[in-house]
Amino acid sequence: MDRFDVPKEIGDITFGLLSPEQIRTMSVAKIVTADTYDDDGYPIDGGLMDTRLGVIDPGLVCKSCSGRVGTCPGHFGHIELSKSVIHIGFAKDIYKLLKAVCPHCGKVTVTEIKRDEYLEKMLKLEEDGGDPWTLSDDLLKEAAKSSVCPSCGEVKYDIKYDKPTTYHQLDGKSQKQLTSSEVREILEKIPNEDCKLLGINSRVARPEYMVLTVLPVPPVTVRPSITLESGERSEDDLTHKLVDIIRINQRLEENINGGAPNLIIEDLWDLLQYHINTYFDNEAPGIPPARHRSGRPLRTLAQRLKGKEGRFRHNLAGKRVNFSARTVISPDPRLSINEVGIPELIAKELTVPEKVTPYNIERIRKLIENGSDKHPGVNYVIKKVKTKDGKEEEYKIKITDTNKKMWVENIVDGMVVERHLGDGDVVLYNRQPSLHRMSIMAHKVKVLPYRTFRHNLCVCPPYNADFDGDEMNVHVPQSEEARAEAETLMLVEKHIISPRYGGPIIGAIHDFVSGAYVLTSSNFIKDEALTLLKSSGFGSELGEPDFVENGIEYYSGKSLFSKTLPKGLNLQYKAKVCKKCVQCKREECENDAFVIIRNGRLVQGVIDKNGFGAETGVVLNTIVKDFGSEDARTFLDSATKMSVKSMMLRGFTTGIDDEDIPSEAIQEIQDLLDKAESDVQEIVERYEGGTLDPLPGRGIEESREAYIMQILGKARDDTGKVAEKYLSKENHAALMARTGARGSLLNITMMAASVGQQSVRGGRVFRGYRGRTLPHFGEGSLDAKSHGFVRSCYKKGLAPTEYFFHAMGGREGLVDQAVRTAQSGYMQRRLVNALQDIKAEYDGTVRDSRGIIVQFNYGEDLVDPSKADHGKGVDLDKVFTKVISKYEN
């Protein structure tokens, strides 16, 4: 084995500061001139584009390593500063050090006893595998309190810090500004043995290195210039900044050598400090940012590293990849949940490498014959050729109309072709933001016409996708291992159960839910029943009719739906349409809300969101856990198709007339609202008369508002109950709400009865004019309508004042949503970064990458949430039902 092949392990990494000597040692050139190129366009020696620093122009050779563009990595230069300058990145640390050390002897201003005590603690921490530097902060705070140095007895002045890089020495009422040279002198006095106490590793850093006397100049390759369309060169922002630094540095040196007045030297020194500050960080607080001639702020060192667009997050943590596509998404209920519809245009562009074997050679010949423009075809043939020195090289040959016939004849075993994406290929499908595991899953390709990706609506919840213009990404795995891994671990059917709470996250939504209700609560003639069976993809026989009426054979939706259920399924549960009666009538429920499934047959009850809906689907949840994910996928595919078809057969529509309620209902609602307003008026009168009893723990005004909010909230709920009472079973708007397909009865209340009280900052509306919310109300009025109570419903329309209050509530909702999204996004980022190396081990403990135990028992109860049942470890009712049903059958 070659000695360089021996695997090496990094022991530890130490960060230090570059000393002036190190900067000069690693430098290949002293930069002395601000000019970059001469009149002929060649880099000037001693300038910022000096060829010793590396080359970016083809044809030029690096004078340091003799490399050309692409081979020369670039080399550092340096600028000798005329005066020392504070490094803005260490300005706060310098302030802490100046407060903690004696300006005369440089020692930390704590007693010998304290010093020994801290050193002992640090040593103990180090032996125990801890971080000794954590004690430094406590020591710095303690040392800053002393006014006399215990070591030399001299007076230690207090230090005042003005951002970004100014320090003052306070002597009573007077204060003296410390120059960066004076700051450096104090830091130079700190002995090495005290550095450890201050949190500085003196082997790799000294405190005075925080004040710069030499500035490293980055290689040319880090800051390449670009040539514009006009032929002019445009220099990088770092080069612009370095030009400013060199110019001011030269002027400062000339003025010092020429004996210029102190005032001029100080001004130039401050200017040099400003340019070096903005070179390191152009967004530092308290400094005006350096700008381009166009007014654009320069992107300097800190801006290139930090934030979303910085080097770490933009280029290292996240990168652009090949073999991916992105387009708008559309729904397609005819696709399986495992499938994704790929536009033919994309399928012809994205390729899969396939090795030619005796088993697939004929198929590949046909693909090559189609060429690269006709789907399914081949874009490239990869041929291996042996070179003279015996090495193998790969040649990638594009298939064109001129060479495809030749390749049809000459293709042989062992070659690799890059063929078009075809039906059945495995791809990864992703929607951003990727907030959980199911934001990227494996689907099987179905090539379709048009230009959008298509997927089944059941997979919308895990992706949080809708079809109002959302875009999604597809990634094509390029190796057999990757494809196998994606299909085994990431296929959609394997993720029906959410790892968050152990319930189905993939399931029926919207039309599927209301369709299932329509299906299981209706009866169908033979032709309709056959259409439903065919639509769901079943080849089974229809069987005997459920009943015959007037010579017509009828098949119940329940028996048709039963054909989608696996044999052996036994279940009892309450449907979403359940009215939550005081005493459940179970099998005798007049709303058909008690669902019984025996041996895979829907005996009683209707199927709605509680049956196979996303998040709450009891049937779906049971099938996944008892029969496996493949059966669950088959059930979901067939049941949703049947549901949609039943909607198409029966018809399902909603309009403004769904909010129509009879005149007696309207009168009942008006009476309730009148009573609520008079109750509010009574509360106001009691408040003004001083007879209102305050609630426990609240003031009189708070109590008044709580009483009013309670009255108005109850009024809206009561009006909703009235509206619901008069909305029939056939009312499609109410049906959608009751079955859990879309919306809630509160939405219907607001449309048909009353919108209710508008809330701003958790209470009634009080902001506006002095003493009143709007000029339409009397000053000091406290009644319901003057503080945001919207009596009208949406169908009737809002009065101008009501509309204004409604807009206030709506505006707060929008702002709140935007703020919450940003906050939760940032919190998730921090959580992910903190927890990224923590995992559950096979012994049940939770450990990080260093093997340190975080939890002795995973989750304290050793329960895998994805194996739990909606948060419960074991659902005993289900276990009993399963056992009883087994012996009943």
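Note: Cβ is positioned from N, Cα and C throughout, glycine not excepted.
Feature list (source: Swiss-Prot):
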| type | residues | note |
| --- | --- | --- |
| BINDING | Cys62, Cys65, Cys72, His75 | Zn(2+) 1 binding site |
| BINDING | Cys102, Cys105, Cys149, Cys152 | Zn(2+) 2 binding site |
| BINDING | Asp466, Asp468, Asp470 | Mg(2+) binding site |
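Overlay of Swiss-Prot annotations on the structure.
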| residue | record | DSSP class |
| --- | --- | --- |
| Cys62 | Zn(2+) 1 binding site | coil |
| Cys72 | Zn(2+) 1 binding site | coil |
| Cys102 | Zn(2+) 2 binding site | coil |
| Cys149 | Zn(2+) 2 binding site | coil |
| Asp466 | Mg(2+) binding site | coil |
- Task: Determine which residues of this chain, when Cys102, Cys105, Cys149, Cys152 are set aside, have a Cβ within 8 Å of the centroid of the Zn(2+) 2 site's Cβ atoms, and list them as they appear in the sequence.
- Result: Pro103, His104, Gly106, Lys107, Thr109, Pro150, Ser151, Gly153, Glu154, Lys156
- Spatial separation of Cys72 (Zn(2+) 1 binding site) from Asp468 (Mg(2+) binding site) - C-alpha basis, Å: 50
- Rounded to the nearest Å, what's the C-alpha distance separating His75 (Zn(2+) 1 binding site) and Cys149 (Zn(2+) 2 binding site)? Just drop the number here, would you? 45
- Item | Cα-Cα distance linking Asp470 (Mg(2+) binding site) and Cys105 (Zn(2+) 2 binding site), given in Å to the nearest integer | 67
- Spacing of the two Cα atoms, Cys152 (Zn(2+) 2 binding site) and Cys72 (Zn(2+) 1 binding site), in whole angstrom, works out to 54
- Please determine which of the binding-site residues listed here (Cys65, Cys72, Cys102, Cys152, Asp470) has the lowest count of neighbouring CB atoms within 10 Å. Cys152
- Tell me the Cβ neighbour count for Cys62 (Zn(2+) 1 binding site), meaning other Cβ atoms within 10 Å of its Cβ, over all protein chains shown. 23
- Item | Which of Asp466, Asp468, all binding-site residues, has a Cβ with the fewest other Cβ atoms inside 10 Å | Asp468
- List, in sequence order, the same-chain residues at least six positions removed whose CB sits under 8 Å from that of Cys149 (Zn(2+) 2 binding site)? Cys102, His104, Cys105, Lys107, Thr109, Val155, Lys156
- Note on the structure: Between the C-alpha atoms of Asp470 (Mg(2+) binding site) and Cys72 (Zn(2+) 1 binding site), the distance in angstrom, to the nearest integer, is 44
- Message: An 8 Å radius from the center of the Cys62, Cys65, Cys72, His75 Cβ atoms defines the neighbourhood of the Zn(2+) 1 site; name the other residues of that chain inside it, in order.
- Response: Arg52, Leu53, Gly54, Val55, Lys63, Ser64, Ser66, Gly67, Pro73, Gly74, Pro219
- Note on the structure: Smallest Cα-Cα separation from Asp466 (Mg(2+) binding site) among the binding-site residues Cys62, Cys65, Cys72 is shown by Cys72
- Task: Could you tally the C-beta atoms, other than its own, that fall within 10 angstroms of the C-beta of His75 (Zn(2+) 1 binding site)?
- Result: 24
